[in-house]
Amino acid sequence: MSLQMITVSNNIALIQPGFSLMNFDGQVFFFGQKGWPKRSCPTGVFHFDVKHNHLKLKPALFSKDSCYLPPLRYPATCIFRSSLESEKHQYIIHGGKTPNNELSDKIYVMSIAGKNSKKVTFRCTEKDLVGDVPEARYGHSIDVVYSRGKSIGVLFGGRSYIPSSQRTTEKWNSVADCLPHVFLVDFEFGCSTSYILPELQDGLSFHVSIARNDTIYILGGHSLANNTRPANLYRIKVDLPLGSPAVNCTVLPGGISVSSAILTQTNNDEFVIVGGYQLENQKRMVCNIVSLEDNKIEIREMETPDWTPDLKHSKIWFGSNMGNGTVLLGIPGDNKQATSDAFYFYMLKCAEDNVNEDQKTLTNSQTSTEDPGDSTPFEDSEEFCFSAEAYSFDGDDEFDTYNEDDEEDESETGYWITCCPTCDVDINTWVPFYSTELNKPAMIYCSHGDGHWVHAQCMDLAEDTLIHLSEGSNKYYCNEHVKIARALQTPKRVLPLKKPPLKSLHKKGSGKIFTPAKKSFLRRLFD
């Protein structure tokens, strides 16, 4: 194992606890920044370019037919292949927190739509679920199992906000463990089924999950109700016959007590568990090798890397799996110095550099890391001691200087969508329409249903109306849905008809001067 400190050349403040990394053909991509994306990178997905221990974030593109992917933190992610033999893969993303601390219950599928020497273009699609739909949550896991030539997703654990009926002003953002149900999710047909297994008694979050063929192993995790990290080791086996799936769970000995650990795969049969917490506010500095062979699992300690003093003494750490046996670790910077970075980062290589793509990901763990608040007794302060707000998007940050090398490819982003049947925003002919636009069309959010983005110009919005709707929390409905939501619209003000005032006729001597024509008309009128 080798540990190297890496420097970040730009936008280091984007990398906050709860981010996720995706590995496509050896290229690593980052998403999950704490704030909403800006126009300079509306997708919020970045190429994680590491060369000579130097990291640079480069914006990634979305195809025109992509949906919007919010910057979710602490989601569950996994790799999905159409079959075990398939070389191409996609990433499944479920749940997570938005920058407004709202929880998502949506499933997104990320795949590569195209790439060249400079840029990679992603396609992001949203999957609608029916049946037993898992509630919005974070800190959970999702994996894919393969049985009898078929595949299915398995979702487990996590945390969610307490029910609205129990929420008070003091406990509005309080969270609770999700019920220990196991969900089978069919990604092709969008069906979800919930299973109650008697062996799973407690809801767990920030656990480690390892999937292999038709089996998933659940290790460790944190129970918020008991504030414990039990040494769990569960084996969940899924059989996919022609009829209904069969799910069974077995409790195995030899588990470990850990939460928020990072899992990386070093070869076909071996994984390494790095980081995490073993007690409240106490990091787990031991690394473990997990070996899977003949439906058996063996967990043993391995020689730890030479941790630096900063890593040893830091109260919290976080990170994600980069693939190919490599893990990115982050610790808070020294806030005592005015010029210190928000976080410092290290790259831990658990395998040799010659690990190839075929040795990589048959399985996945939950790459999300635990909230700093989840490792402390502070209930509602997830960024309790390191104010990320100070490094967010205000002030003279570098966020608007991303595309210094790839300015020519800025045209294809999430803004270039067909927002309605009459949408005429063309990537090749678009010119600014509103004075508030810089280099992208202005968009506005339609409040109907789950909501969607539309171009303000296609909706024939006046600029003052656009500004008014953007500044407040007003609901807006696009041309397609305004009739459906007409009951919520304020009736247009009808101005009263203007009646011409009656002109008073002035008598002689009133000071009114009449022309000869008017005098003649008045004489005939009164005679």
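One is the number of the first residue shown, and numbering goes on along the chain from there.
Keep in mind that glycine also has a Cβ here, set from the backbone N, Cα and C atoms.
Automated prediction, rather than curation, is the source of TrEMBL annotations.
Taken verbatim from TrEMBL:
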- Cys419, Cys423, His455, Cys458: Zn(2+) 1 binding site (BINDING)
- Cys446, His452, Cys478, His481: Zn(2+) 2 binding site (BINDING)
- 361-370: compositional bias 'Polar residues' (COMPBIAS)
- 371-380: compositional bias 'Acidic residues' (COMPBIAS)
- 414-491: domain 'Recombination activating protein 2 PHD' (DOMAIN)
- 359-380: region 'Disordered' (REGION)
Checklist entry - Which one is it: of the binding-site residues Cys446, His452, Cys478, His481, whose Cα lies the shortest distance from the Cα of Cys458 (Zn(2+) 1 binding site)? => result Cys478
Checklist outcome for this item: Here the binding-site residues are His452, His455, His481; the one whose Cβ sees the most other Cβ atoms within 10 Å is His455
Checklist entry - Relative to the Cβ position of Cys423 (Zn(2+) 1 binding site), how many further Cβ atoms are located within 10 Å? => result 14
Checklist outcome for this item: Within 10 A of the CB of Cys419 (Zn(2+) 1 binding site), the number of other CB atoms across every chain shown is 23
Checklist entry - Rounded to an integer, what is the Cα-Cα distance in Å between His455 (Zn(2+) 1 binding site) and Cys478 (Zn(2+) 2 binding site)? => result 9
Checklist entry - On the 0 to 100 scale, where does the mean pLDDT of the domain 'Recombination activating protein 2 PHD' (414-491) fall? => result 77
Next on the checklist: Residues other than Cys419, Cys423, His455, Cys458 within 8 Å, Cβ to Cβ centroid, of the Zn(2+) 1 site?
Outcome noted: Ile417, Thr418, Cys420, Thr422, Asp424, Val425, Pro441, Val454, Gln457, Met459
Checklist entry - For Cys446 (Zn(2+) 2 binding site), which residues of its chain lie six or more apart in sequence with Cβ-Cβ distance below 8 Å? => result His452, Trp453, Val454, Tyr476, Tyr477, Cys478, His481
Next on the checklist: An 8 Å radius from the center of the Cys446, His452, Cys478, His481 Cβ atoms defines the neighbourhood of the Zn(2+) 2 site; name the other residues of that chain inside it, in order.
Outcome noted: Tyr445, Ser447, His448, Gly449, Gly451, Val454, Tyr476, Tyr477, Glu480
Checklist entry - When you measure from the Cβ of Cys478 (Zn(2+) 2 binding site), how many other Cβ atoms are you left with inside 10 Å? => result 22
